[in-house]
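Here's the structure we're looking at; comments come further down.
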Amino acid sequence: MRQRRWIKLLSDYDCVICYHPGKANVVVDALSRKDKELMRVRSLVVTVHNNLPEQIQNAQVEACKEENIRAERFVGEGEPFEVRSYGTKCLKGRVWLPLLGGLRDLIMLESHRSKYSIHPGSDKIYHDLKKLYWWPNIKADIATYVSKCLTCAKVKAKHQKPSGLLQ
């Protein structure tokens, strides 16, 4: 019944319906097909996330050492950190993620590429992460991270203006 309705609707138009192979349909591949990761890699990711509070605490201790303070770029921020009961340093109720340890990239990776978020944009990730975490220039770091995502670049390529003289 539905096909008849579409045939009736499209019969008034002079058009050609072409087959689009699945390999060429990047949008569907990027957002709906299952990942082909190894189970070993998935178990490694789960192992990393189980001890995330401990990783954050260790990175904070390392970042507060005298030789690493300049690299963290938070000198002169004004407000002191508050220490939670389990030893994690926070600023305005948000956990401070230091530059050392690669935790910022890990958190951004999880919030951008997880199976439940489906590659949200930088504004959505920023609003989600700013509730829980803090680091200097968080918004700029998230925007840079999302702009480097190859999957998002493939999906959003058709929505951009063509380059060159055709603009």
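The backbone N, Cα and C atoms fix where each Cβ goes, glycine too.
Features of the protein shown, as given by TrEMBL:
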type: DOMAIN; residues: 103-157; note: domain 'Integrase zinc-binding'
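Across the domain 'Integrase zinc-binding' (103-157), the model assigns an average pLDDT of 86. With DSSP classes pooled into helix, strand and coil, the tally for the domain 'Integrase zinc-binding' (103-157) is 37 helix, 2 strand, 16 coil.
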